């Protein structure tokens with residue numbers, strides 16, 4: 001291809017070879033605290049890995065946990081593992097000062113996987129809210145409406161929805177010209193964070209991102225809120241005070257985790273478009289890291305351990321492991337003790 005002498009040399013290089021590697025800067029203004037910030041991120045990530053792997057293993061291998069409700073928990077655990085693992089290892093490398101560089105292709109791959117997984121997890125949370133609504137408000141129809149086939153359709157639809165939503169912005173990022181700006185003030189790649197490094201017109205990215213925010217996570221959150229409102233109305237009509245308190249406690253725990261999942265994410269998405277000059281960048285980036293590590297660490301506890309049958313199976317396996325480790329009792333006694 002013959003270069004146009006009217007173009008700047010840097011732009012000619014970009015047009016012929018594409019954008020070079022980006023440099024992730026971490027949390028602007030808090031570089032001196034990077035090591036300290038990495039401590040809770042690392043601990044939460046290890047908790048997310050251990051909790052979700054254990055929950056996913058239980059649901060996948062235990063024949064007593066094959067009901068649709070538990071399979072949806074397995075989908076949630078799988079989503080949490082992918083969401084955290086697609087972002088946190090690179091974020092820790094940046095915070096520890098090990099490696100801030102990331103190639104353009106790897107950056108696009110990371111933001112694609114991260115956002116697809118976020119949308120898929122949002123879809124799973126919506127399916128779980130509908131599952132609870134049908135179980136509480138339409139119990140006689142639960143077995144007919146929620147089947148293993150429906151769970152399979154939910155899994156495929158969640159991933160397909162996320163991929164369809166995120167394919168256009170990745171294509172938009174690939175067509176933008178990049179004129180030498182390589183420093184990305186973040187711990188991982190985000191759609192609008194990368195778009196702002198371009199020297200072309202990013203308005204299509206801005207408006208498409210806003211539309212998808214309103215039509216995917218924001219819409220899901222509204223439907224989840226409506227489901228829980230109907231559940232609470234049904235719970236308040238229960239004659240037993242104890243049953244009401246138990247149901248309200250469960251709904252409250254679910255609402256807390258859902259709030260932690262959606263609030264920082266929606267704040268991050270909208271701050272890129274409307275609060276770029278009003279929201280401090282370190283607040284924005286800290287919140288963007290919050291939704292990829294805190295909910296994955298809490299979900300196994302709130303949705304898994306608080307579920308009676310999963311908690312019973314977990315206690316049984318722990319007693320069995322302890323019995324084999326210390327050699328005091330055999331598996332037979334441990335099995336009899338769990339019954």
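Placed from the backbone N, Cα and C atoms, the Cβ positions cover glycine too.
Per TrEMBL, domain 'G-protein coupled receptors family 1 profile' is recorded for 51-303. If you look up TrEMBL, you'll see 35-60, 72-96, 102-129, 150-172, 214-235, 247-271, 283-305 marked as transmembrane segment.
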Open item on the list: Before we move on, state whether the transmembrane segment (150-172) and the transmembrane segment (72-96) share at least 3 Cβ pairs under 8 Å, counting only pairs 6 or more apart in sequence.
Closed with: yes
Task: For the transmembrane segment (35-60), distant same-chain residues with Cβ under 8 A (at least six beyond the ends) - done: 27, 70-71, 73-74, 77-78, 80-81, 84-85, 88-89, 91-92, 95-96, 286, 289, 293-294, 296-297, 299-301, 304, 310, 313-314, 317
- [ ] Would you mind giving the whole-number mean pLDDT across the domain 'G-protein coupled receptors family 1 profile' (51-303)?
- [x] 85
